Every structure is written in structure tokens, then in C-alpha cells.
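Q: Could you have a look at this structure, given as C-alpha cells, before my questions?
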Amino acid sequence: MTTMVNVDTLPEYEKSQIKRALELGTVMTVFNARKSTPERRTVQMIMETRQVAWSKTADKIEGFLDIMEIKEIRPGKNSKDFERAKAVRHKAECCFTILYGTQFVLSTLSLATDSKEDAVKWLSGLKILHQEAMSASTPTMIESWLRKQIYSVDQTRRNSISLRELKTILPLVNFKVSGIKFLKDKLVEIGAQKDELSFEQFHLFYKKLMFDQQKSILDEFKKDSSVFILGNTDRPDASAVYLQDFQRFLLHEQQELWAQDLNKVRERMTKFIDDTMRETAEPFLFVDEFLTYLFSRENSIWDEKYDAVDMQDMNNPLSHYWISSSHNTYLTGDQLRSESSTEAYIRCLRAGCRCIELDCWDGPDGKPIIYHGWTRTTKIKFDDVVQAIRDHAFVTSSFPVILSIEEHCSVEQQRHMAKVFKEVLGDMLLTKPTEASADQLPSPSQLREKIIIKHKKLGPKGDVDVNVEDKKDEHKPQGELYMWDSIDQKWTRHYCAIADAKLSFGDDIEQAVEEEPVQDTPPTELHFGEKWFHKKVESRTSAEKLLQEYCAETGAKDGTFLVRESETFPNDYTLSFWRSGRVQHCRIRSTMENGVMKYYLTDNLTFNSIYALIQHYREAHLRCAEFELRLTDPVPNPNPHESKPWYYDSLSRGEAEDMLMRIPRDGAFLIRKREGTNSYAITFRARGKVKHCRINRDGRHFVLGTSAYFESLVELVSYYEKHALYRKMRLRYPVTPELLERYNMERDINSLYDVSRMYVDPSEINPSMPQRTVKALYDYKAKRSDELTFCRGALIHNVSKEPGGWWKGDYGTRIQQYFPSNYVEDISAGDAEEMEKQIIEDNPLGSLCKGILDLNTYNVVKAPQGKNQKAFVFILEPKKQGDPPVEFATDRVEELFEWFQSIREITWKMDTKENNMKYWERNQSIAIELSDLVVYCKPTSKTKDHLENPDFREIRSFVETKADSIVRQKPVDLLRYNQKGLTRVYPKGQRVDSSNYDPFRLWLCGSQMVALNFQTPDKYMQMNHALFSLNGRTGYVLQPESMRSEKYDPMPLESQRKILMTLTVKVLGARHLPKLGRSIACPFVEVEICGAEYDSNKFKTTVVNDNGLSPVWAPTQEKVTFEIYDPNLAFLRFVVYEEDMFSDPNFLAHATYPIKGIKSGFRSVPLKNGYSEDIELASLLVFCEMRPVLESEEELYSSCRQLRRRQEELNNQLFLYDTHQNLRGANRDALVKEFNVNENQLQLYQEKCNRRLREKRVSNSRFYS
């Protein structure tokens, strides 16, 4: 196998030679997971974009990967790609695999060079380039990103971009162009003389665009309190920030102690500028460069000192640490049918996870397998997993790894497990205590590079103390069944499970259903689906008008064309195209040769189809006496939808609703022309409700919402058949007369009316929402007489959602007054979510459940002859007359028997609990060889709930529900236990979608191993990633010393809590936000303090419309001050959402940090995706200030808290008086008087708090004398 070269010791000239060789490229064999045959390709490094590309020919790149996304470069034949292709003839020393991506499941590029020397060169070069990319300055990253944009429109890697291409690119990077005039004006401003920009001009255009959009942020540095005063900010180079000013900024605003050294400040500026012409003793930043610095990762909010390992903190017993832990580590997705993979173990270990789970079952040939038992998840070999653990356990962290074994194997296969552990892991395996006489667990330092086995252990007399993790309902029938779909008249496969006399089923498994083979399209009809084919156009003039309008909008490119049926010659066609500023036409003639229709423009070159003719002239020139021309851009047919079955030209809204109400299936849809307007509406069914959405016309485009542009309605439908239109709903069932006849049923009136929202329209959302209640997230003081003043926690009733971000509501004595919508959260929405959680709480399919059948209301019968081409069928016949039967089928007769028997026992109301228990009873035998490997993590269950007298050699495992019960009832007992013993908590069985529970309360009580699903990109996994970003990402974080104090209470009474600090945050702007789907993002930011219940609080900004590239919230956005009780155990979380066309929030990016790890000042917040992977150049700019609360100020904050609580009580009492006539009386006047007095007093207290914050800030902002 090829060994990695230590590139750190290579001289610079050798590094340059290696990089040059990679840039020139190497012919290699590429192994593709989707292809059984490897292919020869040229693989090369594109230095300008920092991408590895592979291509068959020089002018056509087949694929590429960003070098910053590389997670591992693995030498040898160590990927499945080599196995699939049976790469026998390629030597292992010439092979390597690049693993890359930003999701949990990584992509692979497996390569084989022709020589060992080439392989070494590539392994070394990739490592060098990856190191350089990860340490590149932000201006360098911006230049690379700009190159990618140019190359994305032209793979020839030219050094320029046209105005038309620029207009195409900007929406793709999340910026809405108001019109071609906007771009032309910008080009004039940067001095471009024509509609073609060089790369340097493109770079200037980008800088000018970003600066103009965000220069208002710099007003923050024109205030008297600023540590330096900026000059003119009208233009990017209108003024500058000089060395001494920058030092003042770093020292006083950013509180960077290293900035006391002027040389370090000079070095920071010089490296950031990266301009040899400005490498002087007195460097400066132009104002646009200063603004870019504020957004850059060089100015990150994260304190980089926590990237280093604190070795002094690694000498405590293991029980004093939080330990990064994974649940069902082998899974790459959900718990029912996802893939099990050794790569999942590698991904978790290299992410710093230190406790992983092995779910072991008897396998073939006497060797165990790992998978999620009793489900359809795939199986992997135990031996392969142990080898992967050996190779990757200590790559990221050298501290111990705990293997949590869930044992289902026979004794014989357990012996094999013990043998493999010892042979493969060798000296890594911990087989005896570090200290024989110790009375506590060893420290992480004592256990470096050791692997610990957590497994059941035989006692001194051979007895077993077991801990069987909760696997509720795992032995009841569950698996895939076919269900008969009466709409599509076909069998669809669903995952089903029985629990509590109910059969639950998930959504249909579309990829598993056999599809009818696609019929080959006859050559003569190939052009029908092409957008350049316009069928019969009214006249020659109409065709010319279409071309003229298209060319006026797109830049009049020669060769722009369309094809139409000939007006005068049957079977012939007309090619209309744009050349030299006018439209020209050519007749496409047809002739019959040997019974086959041929088409031609010139007599000497005929084609079998119109499609073949057009494809030829798009690649080769059309030559005639006057000109040579190649067909370029097709003019799309504006009306291809008219022939589609889902389109209705004259259908009213009421008629559309009536049709949709008869199809009780999410994804049913139609599109109709709206009466009296040049717009359309899509009517669809989602979540059981009928909804509408308007589609407007903008020139030749169809626009859904404000920025989702489509060339045609056909393209719109095709897109949303593959992507979610509303929440998770895709278009699936075109509503046609045939479908209505097939599914002939009564109208479902309930589907039309929805208590939460009846009509979904991006432009016309019903503003009247009576009786809605919202909760204030923060204090707000009215700025006008028609606005509400309220305190955090206040309930505002009878809310009416007005447009523009201002809503109306009732609070106290003030009726229907305005307040900002981003200061509140909708309680009713939260209640609906909580209700949904309650419904799925005990469902065996959890949130994946799409339907439930109560088996007590059915009789089950077999279909002896089968049905609908399935041999093994059973039918649930309803006991209630009139209800339709439900038909199921299996693949095997054994499955049919098992399901039929289980359902029959329920429907006959037989008590089979005792029989089932006997049938599924487990043999708890343990192999001595495996038992002997258990040293410290011996599970116990006999006295698991008794937390007294912990044994440090034992570990107690709790399902999340049991752990939550203990936390609520005896949090202090659990904390005391965890100071000496270990606990592991894992998700409940109902989380089949692999969702995660909130780990915080368990961390608060000292639980070390709070196991989460690493493959799930949710909030709690992101918090987990944030916690373990401390201490150099070792996977071990020392719990605060205060938690080991005898006086520490993880859940103190309110009277015992003290505010220790305040955190003030202001969101100023963002850059390079990611883009979802076709629409340009309309972003807003949610800022949240995550911690104990008494610390949790959040705030939302307003929505910025149609700008995800450079949105700004300053200067209108106000500062928000959070009160923090325990800064050591709280997180600051930023989440960026986009508001979609239905006013629903969609996750875009996040950044989550432990509060102890953030820095003050004007800070960049680098954004991450759901999996906490960096997003290129994406960042927020925020102002952040932390201030400890002095003991003398605690009384003031305590008074504020008490008044807020009292105001909430008074407001609720007043609401009751005003909504219940029988309660009206004299008491109301007293309540009103007290409410008003308290409100004034609260405002005074709040002003006093704010004044102290301002005074503190001014004292920190003095100039150097």
C-alpha cells in the first residue's frame, strides 16, 4: 500500500513541483460506484478554483470536487468502488480514494494511477493543497469563488464573462436583479466599456455590488462612541482605515489582547490585503476591505484558544467529563430501512465521537453481523467494523474510545467477537485496570489510545447482571407490506408495524416499487418534448415576435432559434433564427426514402428526425452562401402546458376545490388560468387540505412566489414533481377526469377548511386570524401612540397578522395596537406541534407514520387465490358497513402467515401476551472470553434506579424517557451518582426517523454519554457538535468545577437563581447564504440562548426580501440583551431561515457556540449547514457584548423578573374579564391600575439596566491618549 509522505518536511520548491504536476494532470483509472466498468480519465487540479476535476476530453469536464470538502485521502484499495469493479490488476500501492462532501454520508472518488510514483505525488499534493485551502485568507477564497462562477458558465476557463451570463449567474448566487439597466449602470460605475467583463472587472463588480448593498453597516463606526471615526463611505475606496485606527478597533472594540503588539496588527492587515503593491510599514484597508474583514473568518466570533487541547484538564476521572457519544453508529439514515455502513463508524470517529455502538447479531459462517435488528436496515460484517475502528479510532483524538455492545449473539459467535477484538485491536484493547487498588475511574490521559469494551459481564459465580436496552414492540410484526392503491391501481410498498392493536404504516417506498418500463419514443416524435419546438404558431409574424422578445431580454445572441410547423407545406417545418439583429427563416423539407421519412435543410445531408437535424446544427455550422451559423439558444415555447392533462383553461377556484376534495391524496394537483388576469393558480392537496398558490407572468417567465422563475408551466410542474412544493409535499397526482372517475367518492368538506390556515397564497395570505395568541420573546417599548409596550413573556391576544412585519393585538388595556412580529412567537403553532408530538409519542413508526388502522374495527381474511397479480394477499374488512376494505400483500407465504396470525389474534381479542413472551424469551448466556474483556463499563440493571453508592466499574443505561423522569424527580441524586459512576442515555424506540432528544438537562445532571444520532442534522446534534468543539475536539469536555460542589443544584428554585452575566447581540448583515431550490432566499435570523429552562430565550429579525447574497438588518435592527444565569452551561445559537412563498420558515444555515467560547465586538459568525459543515464564505455579521452582572446589580434584575411575572398574571386576568361577561366587576379597575403602575415601573428598571450597559461600553471605548 502507498504510504503518505510527511509534506510538512518538504522544501517549498518540491511542493511547487508537485502542485505543478497536479495542475498539468494525470491519466488515471476512475472507479465509479454507479458503473461496473472503470474508465480512463484525465484527473487534474484547477488551481484558480481549488478543485479536482476529471474529464474525457480537454474541453469538457465530467465532474469535480472542492478541495475544501475533502475529509480523508485513503491510500490503497480501501473503498467499495474497487470491490464492485473487481480491480484485480491494479496494485494497491497505485490506488487511493478521496472521501469528500458536506453531508454525513460522504462521496468517494476512487482512483488508480499507472505508477506508484504518480500515486505518491497525488497523495502528497492533495494534502499540501488541502492545508493551503484551509488556511487561505478570505480575499483569496473570494477570488476562488468568483472564478468558479465564471467557469460555471463556460468550461473552457476563459477569463471573461458577458452581461447576459452575469444576469444568469446572479440569481443562482441568491441575488435578484431588478433589470438589465441595473447591471449596465453598475458596469459604467466600474469603468467597463462593453458588455463583456474581464475577470478583474468582474471582481470589481462583485466588490462594488457587495459594498453598495451593505455600506449602511459602516454607520456603526460614525457614532461618537466609536473607537475611531470612519470617513466617507459613498464608494469602496472613498476612505481608509489606517494601522493605528485598526489597532484601536482590535483592542477596544474587539478586546483582542494580542493587538497590543503593533507588529502583529501590521501582519494581520498585510496578510488580509494580500497585495504586494501595498506591503508597506503603514498598511491600510479601504472601507470596502474593512467591511469584508468584518465578515471574514479572520474576525470570527469563536475564540480559537478552544481549538487546542488543554492537557491539564485531562487528568480527572472519566466520570467528570462529557463524552461525545453516538447511538446506532452503523446507520446512515432512519432506523427502519437505511443503509448500515462501516463508513458511518469512520465518519463518527473522525468527528471526535468517543463512544460508539455495535448492535451485534448472529451472522452466516459463524461470524456476527451488525444491523438494527428486526428491521430492513442493511447488514455489515462485525470483522470489518472492528478493523475500521482500529484504523480510525485515534486519527482525530488520542483519547479513549468506548465500544457499547448491544449483544444478541449466541455464545459461539461471542467467542468469535472476543477473538477478533484481541487479534485486530491488540495493545489498543484495555484488558485490565490501570490501577488495581483504585477507587475511581482512570483519567483520559491514563487511557490514551485505549479501547474500552462496554458489555454484559459474568459475576464471580457465573451469574449475569444484564442491562437490556428498551426495544419496545421490537418483536411484534413489522416490516414491508404491499398496500393496494385504488387511485393508481397498483401495489405500493410501505413499512408497517403493529402496536397496541393498531397497524401503522409509513409513506410508500417509491424507489422499491417496480416501475413500468419506459417505452422508446419514435424518432419522428423526439422533438415533441423539446422546448424549442412550438408546434403550430399562428403566423410568421408571431414567430418573429417571440424571437425578438426573447433576444431583447437575453442579449440577442446569434443563432437563437425555434422550430415550428410549416404554415404552407404539410409534413414540413420552419426553422426561425436570429442573425445580425433580425429574424430569418429556413424551410425544413421532408421526403420519403425507402418508406422512412427524412428531413433536411440542404439536399446532401438528411436526418431521420427533426430532433437529429437540430442537434446536428447545434454542434456544426449551418452553411449557406451568405453566412455560417451554429444554432445556440432555444426560444422556449410559452404555452406547452395547454396540451397537458393537469391544465385547465377555464376552471373557477370553486370548481378546482370541488375536484381536489374528491381526491383524498396528498400531492394531487391541477393548474388553472385565473379569471380575467394574465396569471395562473396551482391548486393542490397537502396535509389533507386543499390549497392554492398564484403563478404570475414576468415577461416570458412564470413566477411562483417572488423569485422562483420558470421558462414554462411544464418546467414548473416537472421541478416540483422532484422537489417539495409545500413542506414535504411533491406534485404526484395530476387531477384528470379519468382520475376523478376512478376515485369516485363524496367530497371531503373538511379538506377545505383548516383552523390554522385555509388559503395558502404567497401574495394573498388571509390577514385575519381572530383569537390567535402570541408570546413576547423580548421587551418592546412603543415608539408611537398606536403601538403596544410589553415585557418579555407577555401574552398578546386576538392577534391579526398585518403585512409588512407589524401585527395588531390586545395587551392589558390596549386593544388592537401594533407590535413588531419578530418580537413574538406564535403559541398556537407551538401547541399544534406539541399535539402532533403527543399523537406520535407511542407510535412504533414515530414521525414516519402516515396512517393508522385500528385493528379492533376490522376482520382479517385471506384471499386464497391472491389478487391483482399478487399471490399472498390478506384483506382487512371493516366491521362498519360502507367503509372500504384495505388490501395487503406479501412476497412470501411465511410473511403472510405471520401477519395474518398476529392480526387475527388482535381482532379475536385473544390474550397472547404470555405466549409471545415465552416465544421471544432471550437466552442471556455470556461467553467467558468476551466477559473477561470488560473492565470498567459493566452494565447493571438490578439496582439501576437506585442511585446511591455508585460502583465506578459499572455503567447504567437509560432510555431517554426514563432518564427524563429521573432528571425531573431527583436531579441532585443523578448528579451525585455521575461524579463517580457512568451513565449512558439513548433515544427511545419510537424515534425511527433517527431524530434526537434534547441532551441539555442530562448534561446539566452530569450524564457523561448522552448518545445521539450523528447522521441526523437537527438542533440537538448541532448543540452536541458545539459542546465538543471545546478542548480541541477531542470528544472529552471537562464538566465545570461548580458541578462537583456539594451546594450545586442543577435545577434550582427561582428564588435561588442569580443572573451572572448579560449578553447583548445585534444582527447587522449576512453574506453568501445558501440557496434552496429555485427561489432567491428571503432570509431572517433567529438568535437563541439554549440552556436550562431558566436560561433559554430567543429573538428573531425581520425578513429581508429576495437577497441571500448580501442582506442587511442594520441600522434598523435593535440590540437584544439576554440575561444568563449559568454561562458555563449555555449556548448562543444563530439560525438563518428563509421565508418561503407560503410564509413557512425553511432552515438555511446555523452557527451554535458554547457561550464561554465566544468573543465580544463586531464579529463574523461563520455559518454551517445542518451537519455542522462549513458553508463556503457564508457568514453573519453581529455585534456581541458580554458583561458580568455585579452583586450590586442583582437586586435590579431580580425586581425586573418579579415585575414581568406579575404583569403576565395581570394580563391573563384582564383577558378573562374582557372575554367573560359574567366576570366583569369592580376588581377590573384595580387590576388595570396595578397593570399600568407596574408597566411604568418596569420601563424605568429596563432603562436603568440599559443605561448601565451603555456606561460600561463607553468606559471600554476610550482612545489611546
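Glycine is treated like the rest: Cβ placed from N, Cα and C.
Per Swiss-Prot, active site is recorded for His327, His372, and the stated evidence type is sequence analysis. The domain 'PH' annotation in Swiss-Prot covers 1-131. Residues or ranges marked as domain 'PI-PLC X-box' in Swiss-Prot (evidence: sequence analysis): 312-456. The domain 'SH2 1' annotation in Swiss-Prot covers 532-635, and the record cites sequence analysis as its basis. Under the heading domain 'SH2 2', Swiss-Prot lists 646-735. Per Swiss-Prot, the feature domain 'SH3' maps to 769-829. Residues annotated as domain 'PI-PLC Y-box' in Swiss-Prot: 930-1044. Taken from Swiss-Prot, the feature domain 'C2' covers 1038-1169, and the record attributes it to sequence analysis. Annotation comment: Swiss-Prot describes Tyr753, Tyr759, Tyr1197, Tyr1217, Tyr1245 as phosphotyrosine.
Please situate the listed features within the shown structure.
A: Every protein chain shown contributes to the tally, and the Cβ of His327 (active site) ends up with 28 other Cβ atoms within 10 Å.
Listed in sequence order, Asn328, Tyr330, Leu331, Gln335, Leu336, Ser340, Asp359 are the same-chain residues at least 6 apart in sequence whose CB falls under 8 Å from the CB of His372 (active site).
The average pLDDT computed over the domain 'PH' (1-131) stands at 90.
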Q: Across the domain 'SH2 2' (646-735), what are the DSSP residue counts per state (helix, strand, coil)?
A: 19 helix, 36 strand, 35 coil
Q: Contact between the domain 'SH2 2' (646-735) and the domain 'SH2 1' (532-635) is defined here as three or more C-beta pairs under 8 Å separated by at least 6 residues; is that satisfied?
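A: They do touch: at least three Cβ pairs between the two stretches lie under 8 Å.
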Q: May I ask which of the stretches 312-456, 646-735, 769-829 has the most CB pairs under 8 A with the domain 'PI-PLC Y-box' (930-1044)?
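A: It is 312-456, which has the most Cβ pairs under 8 Å.
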Q: What three-state secondary structure does DSSP assign to His327 (active site)?
A: coil
